[in-house]
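Visitor: For reference, TrEMBL lists these features for the protein:
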- 1-23: region 'Disordered' (REGION)
- 9-20: compositional bias 'Polar residues' (COMPBIAS)
- 49-236: domain 'DH' (DOMAIN)
- 529-592: domain 'SH3' (DOMAIN)
- 582-619: region 'Disordered' (REGION)
- 622-686: domain 'SH3' (DOMAIN)
Amino acid sequence: GAVSDTLERSSSLTSASHPQDSFIELKQESDEAQRKSEEEISQEIRAQRQRLAVEELLESERNYLRMLQLSAGAIRENLSKLQPPPVNLDSMFEHIPAIIAVTSRLLDSVDQNQLQPGDPDFLQTFCSSFLSLSSDIEAAYKEYLGNYSQVTVLEISYKQKEALWDEIVKVLKSSAPELKASSLSFFLVMPVQRIARYPLLLQTIKKHTDPSHPAYAQLEQTAQTSVALNCRINEYKRIREFREVADKYKKTESLSIKDMINRLNTHSIFKKTARLSQQIKHDTGIVPKLVDEEFDAQEGFFYLLEKCILELLENVETYLSHLQAFLSCKTEEFDLYMDAQRELVCYKEITTALRQWILPTFEKRLRALIHKPLCALRDLLIGPRNLIRKRLDKLLDYELIEAKSNLSYEEQAVANTYKTINTLLLTELPRFNTVSLQLIWRLLGTFSCLHRDLASDMTQLFQIFATQLSHSTMSPSAFWGWAEGAVLKGMRKLQDLCQTVEEALSAPLVMPVNPCWSLRLQTLCQKHPRERIFEATAAVVGSRDLDLTLIKGELVAVVSERDSRGDRRRWLVDAGGKRGYAPASKLRPYQASPAEGPPPPSPLSPRAEPRLEGKKPSLSLDLRPSVVAAYPFTARSRGEVSIRAGEPIRVLAPHDKKGNPEWSLVQTRGGQSGYVPSNYLTMVPQQSYVRPYP
């Protein structure tokens, strides 16, 4: 029509006086008509595509709802009739009814208005319904997708039982023969796919909708909401998986050896052997280790924080124990004579206030504000520490399968577990480290504030009694002079008291000599001068050839005050038969106590009876040493003998059959013989009155 009209006008203009101008106008009108025609065709195509996309959305939503109703209805009912019914069948379909309900509400809101996909108000109605139900859609799909991994594991457990799985397949084919479904995942994966398809369908509709359409802004908002909804669901699923992994591996179990042995099986032994082999390959450099610098930095910082927290907690507990010990010594409860001594009365009142009010309040606040949070923080370290250790185990497992192109289900689960733990630690460990460090700084600041408050309370207390003391009105120089004089006076009294005590204790307390050292002292004195006898001031552990290993208090004789290279820091010593080198810094001259006198005789050697200087019989005190058991010992073999502490012992040989002085052959009072540790024996003076021969 438009083209024919243009041709008629052009024919009428042909006879005009300006044929060239007429042709140009005709050409322009023709182009404009063609452009309008193309725009109309384009709009029609876009509208048609929009209508098809909307129809696809509605039709797929209705089919999806029918599938859900079929799976949660007939299929679930028929599966429950199996004998025996599958384990945990209800948990598999637990969250599908919520999805059915929200999907039905979305379709009902569209069907109630009886609108067709081509109607102008259809998009606006659908978008409004989707936006109003977005929170319900998110809640329903969030729970289903969060439990989908457990549903998959449950289905795999069904497949492992061949007879049960055959029955399940028969139920599926009989319940929906037209679908030809061969597994439960055919139905169970639909919600996972559907929630991810909403953004694609809405973006397609938006692409074919003209921006001037009344519902275009609302359609754009709906598409963005569907994308955000998927992101939140994925984040919830990721956090839930992280939490499940953390809850699984952060537990600490105190298992006995029997329980550990009962847990061993072929699979666990094979897994631990493979990990050990992989670790040895790492240590020897045969196989390179996967390095994650970001994780290694966070791991090192975590262990540093752990050390700081534990040391700080130990210091606080020590501080509290010292404070408790100070409070337990209640000097103000003693009724002392303080008449006419105003200073002592004030001191007693100050001490009473400190111990009954100020310091207990300070201790209570310290426990509540410092000790309790530190204990809680220490307990929180268990989870990350266990996850870090478990990550190392999973890393060794992952390295064994990393190079494989096709992974089995078990291997894929191992890889997923490692990646989940690694991602969890990379995400949460920096946050934990940051929060822990901030908490430590706040605890230190609180600790300073508590001491500032303590100092303020003590200052107020002292100011109350300051006016009642005689030195409160002194000038600073006079006060320090008075304080120095009082301290010197008290120090002189203390020195006089110490001197009096020392004079009263005329004889020093000497511990009984170990019989082995007494016998060695006899042996060494027979070979070396007395001034060459030294004793070890501390334990000596031989670290080089020809070095001796000595225990604290062991006696040796110095043969040479230098070694074969002339080093005066290592002396050549004789340890009663064995010769070797010992550090000179751990040796000192042996100082016999006054009561010890000459080297003690061996308990094995016969003692001559004392000779009398006259024929008149008299009583004398026999101070010969006797051997007794210093500690109880229980025999563990036939060659040993049991002894009780304080039991008199007769030493038959100060060494065993190989000459080892650490064991002595003894005879008990009951006549039983056997070996006992030499350091369980001691010498004591035998104080008994005997009548000498005339």
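Cβ coordinates come from backbone N, Cα and C, glycine included.
Here the structure is a predicted model, which means the values were calculated and not measured.
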Visitor: Per DSSP, what is the residue count of the domain 'SH3' (622-686) in each of helix, strand and coil?
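Guide: Going through the domain 'SH3' (622-686) residue by residue, I get 3 helix, 29 strand, 33 coil.
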Visitor: Across the domain 'SH3' (529-592), what are the DSSP residue counts per state (helix, strand, coil)?
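Guide: Counting residues per DSSP class in the domain 'SH3' (529-592), I get 6 helix, 26 strand, 32 coil.
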Visitor: For the domain 'DH' (49-236), what's the mean pLDDT in this predicted model?
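Guide: When the pLDDT values over the domain 'DH' (49-236) are averaged, the result is 85.
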